[in-house]
Structure formats: structure tokens, C-alpha cells
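Okay, structure first, notes after.
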């Protein structure tokens with residue numbers, strides 16, 4: 001039979017099926033039945049048909065990496081308390097915020113939940129124990145609270161990591177003794193006033209002004225214009241009693257740059273302090289459980305001791321004192337401790353992606369659509385190659401991002417003065433990479449579950465609104481990526497000037513001969529660790545050389561450094577992404593190599609290869625700069641499809657290994673038929 005006649009017959013058969021469906025009464029009783037009535041759909045748990053061929057508990061240990069018992073303890077505290085809105089759907093109990101509440105009600109509930117967690121001892125040691133184990137515990141519990149509600153984790157994070165972190169890092173013993181214990185116990189509620197209406201990422205440009213009155217020994221904080229109002233300050237609208245204000249410090253007519261000050265904004269009864277005005281930022285697309293506010297300071301006087309003085313101080317008679325004389329170096333030293341926020345957001349984004357994928361993949365393992373034969377059974381969504389390609393590469397990326405986030409956390413808690421620069425660069429690369437990945441994952445998961453993704457109780461769609469802001473706060477993602485490229489350029493120029501080998505920021509591979517890419521890529525080559533490292537190293541090496549050459553060319557023509565970077569932004573973006581991808585690839589390989597031989601290691605190898613190869617397909621730089629030929633790009637595309645088929649049997653096991661309790665997912669991930677049945681409406 002010719003292909004054309006076969007195609008015609010299939011079209012005719014489909015037309016008959018549709019006709020019989022649309023006009024059942026017009027069918028002849030003698031004609032064959034092409035569409036038999038079917039029994040109602042029944043939910044069948046994915047666990048009944050899917051196998052788990054590796055140790056899921058061991059895989060969870062790799063994913064969570066640390067403090068598993070602490071995580072499970074907090075999961076349990078949340079599930080067992082009525083404060084966390086438990087509700088029965090489809091025979092299972094789920095927890096999650098009630099988004100039918102007004103923003104005012106959501107804020108009240110967020111604060112009540114924080115008070116409950118404080119009473120349970122969740123925050124013990126958050127600001128009084130700075131050992132690496134205590135810091136890792138803090139990260140772990142923050143990830144759990146974030147898995148429940150992003151508003152909850154942000155509200156906690158502003159208080160402990162921003163306000164508390166500013167006291168810890170910018171302050172000295174006098175501030176630690178006075179404020180840290182009261183902050184840990186919530187006797188003081190803090191917020192963090194850096195962003196202004198007119199300045200966000202450009203912290204140096206903020207317009208709030210602080211002067212010193214040597215007659216009274218007080219600083220005077222002032223908002224000189226409307227663009228200087230503090231904006232988006234989490235906690236300011238309702239609950240915060242104090243804030244750390246970032247302000248230009250002018251001493252004897254000289255601007256000494258940005259400094260931080262402790263300013264009370266409410267009294268013990270919750271009344272706004274004199275000479276301070278506070279307004280609500282209003283309803284937002286997400287995070288309505290956080291009371292974001294705007295603050296104006298009308299010549300507010302504070303004691304001299306309220307200057308956070310780890311970097312610089314002002315004497316009683318008004319003399320400016322700092323061991324760091326260079327303003328640029330002083331500003332860099334001042335901003336260095338703020339990396340903790342980027343560390344938290346990178347990890348937080350990963351757990352959000354895990355929730356989205358857990359729901360979408362579980363749904364795809366129980367939801368069917370369309371038959372491939374006239375009277376055959378409908379096909380599971382995840383058995384369609386198109387659906388596999390939508391979700392499984394994102395699953396592989398999420399595994400890679402988990403390893404990256406764990407690496408970043410450990411790098412941070414083990415920080416030394418020598419590692420500050422590395423932490424800044426890595427966090428500046430990972431925060432954008434992981435938060436962008438999260439948003440793309442949630443969008444694809446929302447589409448993959450169809451209309452059910454629009455219901456807030458199914459979480460996936462609503463998570464997009466909750467997490468969208470992560471690409472903006474703690475540093476705009478595009479600005480951070482440019483900082484990465486500038487740091488790499490600095491290392492490059494320094495090494496070339498001093499005629500020394502590259503040492504730092506992972507550039508040591510540039511001391512070796514340039515890797516060669518085979519002219520023809522087979523499946524075995526594409527899946528080899530050596531090839532994957534070679535091509536990612538080649539991309540970073542080449543882009544760094546190109547970036548350095550382009551910058552040098554502009555500067556040779558008399559173009560200023562600042563304008564040069566605006567003219568070379570395209571290469572800077574490509575280079576920043578190359579650094580992030582290579583770093584994550586290296587971290588993934590190290591994690592995989594530490595696993596003993598067996599099924600788990602084999603599956604990790606598939607996941608790692610899918611992560612590497614989907615990046616080759618998606619990033620146009622590999623074709624743009626000639627690292628892949630068009631034939632090899634076609635081979636890459638085919639290999640992605642093959643890997644998706646091979647990973648399909650492990651999909652349930654891979655999302656189960658995330659270790660997120662069922663109660664933190666949604667009804668869509670389980671018995672979605674019973675959850676939507678009429679009795680659920682009556683109840």
C-alpha cells in the first residue's frame with residue numbers, strides 16, 4: 001500500500017469517527033461501530049504502573065544534601081497545624097495559603113504562622129549561632145517554609161537574612177549585643193530599606209541623605225525628594241518596628257558614600273514614629289502575604305551609635321573614620337555581605353521548580369488523552385514524545401540546579417575573606433540562572449496540565465505570580481550576569497598583564513590547549529563527560545577571548561570603560577551564561593562521580609547527559625560562534641529525544657526523590673477525579 005493511500009484511509013477513518021461522534025443518530029445500524037461508548041474514567045495511582053529502579057531515599061539525600069531530619073520536622077509542624085489551612089481533596093490532606101483572602105487577611109495569617117514557628121523553636125540560633133551547621137539548618141528550614149508559601153519565607157527572610165544579616169555583617173559588637181537576640185525572638189521586627197523609587201540595582205545612586213549633628217551626637221536621616229522614598233520595603237507597611245536605612249552619608253559637606261543606619265519606625269504599640277511617613281505599596285501579582293511599604297524620613301534624628309560601623313565610623317566630634325581610604329574599595333567591602341540573599345533565592349527557586357514538576361509529571365502519569373487507534377485506549381500524557389520533551393529536559397535541569405544550589409550554600413557557609421570574590425561571582429551567576437529556570441519551568445508545567453493549572457489550589461499557575469519577582473530583587477538578573485562577565489574580564493586582563501596562568505573563577509582550563517570538537521557527533525560521544533566538558537569549556541574560553549578583544553578595541557579608540565560595557569552587552573550576556581552553565585556542569589559531574597556504581601549512578605548519568613545536551617540545543621551561541629556544525633546540531637536534537645525516551649520510565653522516581661510531602665503538592669498530582677467530584681463541592 002502506498003504512503004499516500006494509507007494517509008488517505010487514515011483521514012477517512014478519522015472523519016468517520018468524528019462524524020459518528022457528532023451525529024450518532026444518523027449512523028446506520030449495519031455500519032461497523034467505530035466509536036464504542038466507554039466507561040467513565042477512573043483514577044489509577046501512578047505508583048501502580050510505574051517502577052522505581054533506584055534508591056529514592058539515597059537520591060533525595062543527594063537532592064536535599066543536608067538537614068533532612070530538620071526538614072521533615074518542619075514539614076510535620078506545618079501539616080499538623082490548622083494555621084496552615086489544611087483541606088481534604090480527593091481523600092488527601094493538602095496545606096497551602098487561602099488565596100481567597102484579602103491581602104490584609106493574608107498578611108495577618110503570615111504573621112500568625114511566623115509566631116507559631118517561633119514558639120516551636122524553628123528560629124532558635126538563627127542570629128546567635130553562626131557555625132556552618134547552624135547556617136545550613138537555617139537554609140534548610142527556609143526552603144521548607146518556602147515550599148509552603150513564598151510570602152512566608154520572604155517575610156522570614158527579610159527579618160532574619162536582610163535586617164538580621166545587616167546587623168550581623170555591617171554592625172559591630174555593640175549592635176550584636178543590643179539587637180541580635182531581640183531580633184531572633186521577634187521582640188524587634190526588622191526590615192531592610194535599600195531600594196528607592198528612583199534607584200534599585202544602582203545602590204550607589206540612592207538619594208536618601210544622612211548628615212551628622214556634632215552638637216547633639218545624632219545623625220539626621222532625610223528623604224530629600226519623592227524619588228528618594230524607600231520602596232518595596234517588606235514588613236514596613238504593617239509589622240516592622242525598625243529598619244536598616246541605606247543612605248548617602250555627608251560629613252562636613254563631603255559625601256562619603258552609602259552607609260547603613262538603624263532607624264526605629266514604630267513604637268511598642270505599633271504607632272508610626274514621629275517624622276516618619278509610611279504608605280502601603282498596594283496589591284501585587286504575588287506575595288500579598290508580605291506587607292511591602294514605602295517610607296519617607298523627615299529629618300529623623302537617631303543616636304550616633306545607630307550607624308552600622310564595621311566598615312566606617314563617625315567620631316563624637318564628627319570626624320569620618322575608615323581603614324579603607326579608597327571609596328570604591330570601601331563600597332565593595334560594604335556590599336560584599338549581601339550575597340546571602342542571592343544564595344537563598346537561588347535555592348528557593350529550585351524548590352519551586354521541584355513542586356511544579358512533581359505536580360505536572362504526576363498528572364501526566366495518570367491523565368490520558370486521545371487514542372492512537374480507532375477503539376484503543378487513550379494514551380497517558382507522558383507517553384507522548386511531545387510531552388516528554390516539554391517536561392523531562394526541565395526535570396534534568398532542575399536536578400542540575402539542585403546540585404548548584406547545594407554547592408553555593410556550602411561555599412557561602414564556609415566563606416573566608418579570600419573566597420568573598422568567588423562567592424559574589426558564583427552567586428551572581430547562579431541566582432539569575434536558577435530563577436529564570438524556575439519561571440520557565442512553572443510556565444511549561446502550567447501549560448502541560450492544561451486548564452487545571454489556572455486553579456490556585458493546583459499551585460502551578462499561581463506559583464508563577466509568586467516567584468516572578470525573583471528575577472528582580474536581590475539584583476536584577478541581567479545586571480548580575482553583566483557583573484559576572486566583568487569579573488571574568490578582570491581575571492583575564494590580570495593574568496595577561498602579569499603573564500601568569502589563570503587561577504580562580506574556574507578559568508584554570510584556559511591554561512590547557514584549546515579542546516577540539518569531533519566533526520561528527522555520535523550518541524556515545526554526546527553522552528561522554530569528556531565531550532560535554534570540552535564543549536562548555538570551549539564556549540567559555542572563546543567568548544572570554546572575544547569579549548576581552550572587543551572591550552580592548554573600544555578602549556583603544558578612546559571609548560570610556562562605562563560606555564564600552566554598554567556597547568559589548570551581547571557578548572557579556574553570552575559569557576555570563578557560559579560561565580554559569582560550565583560551573584553547574586562541573587558541579588553535577590562531581591556529584592555524580594561521588595555516587596557508587598549502580599542503578600542510581602546510571603540514572604544520574606542519563607539526567608546529566610540530558611542536561612548538557614538540551615543546553616547545546618537551546619543556546620544559539622553554539623551555532624552562532626561555530627562550536628557546533630548544523631549537522632551536529634541536528635544530531636544533538638535527535639539525542640535529546642532519545643534521552644527523553646530513556647528517562648521516561650524513571651520520571652515518577654525522579655520527582656519522588658525530591659522528598660516533598662504529598663500535602664505540599666496539590667490535588668492535581670493525585671486523585672484529581674475525586675478531588676473534583678460533586679461530594680467535594682458539597683463539603
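Cβ coordinates come from backbone N, Cα and C, glycine included.
Look at TrEMBL and you will find 474 tagged as active site, proton acceptor. Counting only same-chain residues six or more apart in sequence, the Cβ atoms lying under 8 angstroms from the Cβ of residue 474 (active site, proton acceptor) belong to 338, 341, 342, 345, 431.
Other Cβ atoms within 10 Å of the Cβ of residue 195 (FAD binding site), summed over all protein chains shown, number 19. Sequence annotations record features per position, and here TrEMBL assigns FAD binding site to 195, 234.
For the domain 'Acyl-CoA oxidase/dehydrogenase middle' (191-300), the model gives a mean pLDDT of 97. The domain 'Acyl-CoA oxidase/dehydrogenase middle' annotation in TrEMBL covers 191-300.
Here TrEMBL flags 338-489 as domain 'Acyl-CoA oxidase C-alpha1'.
Positions annotated as domain 'Acyl-CoA oxidase C-terminal' by TrEMBL: 530-665.
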Study note, to complete from the structure: For residue 234 (FAD binding site), the same-chain residues 6+ apart in sequence with C-beta under 8 angstroms from its C-beta are 154, 155, 158, 162, 191, 192, 290, 291, 292
Practice item. With DSSP as the yardstick, break the domain 'Acyl-CoA oxidase C-terminal' (530-665) down into helix, strand and coil residue counts. Key: 113 helix, 0 strand, 23 coil
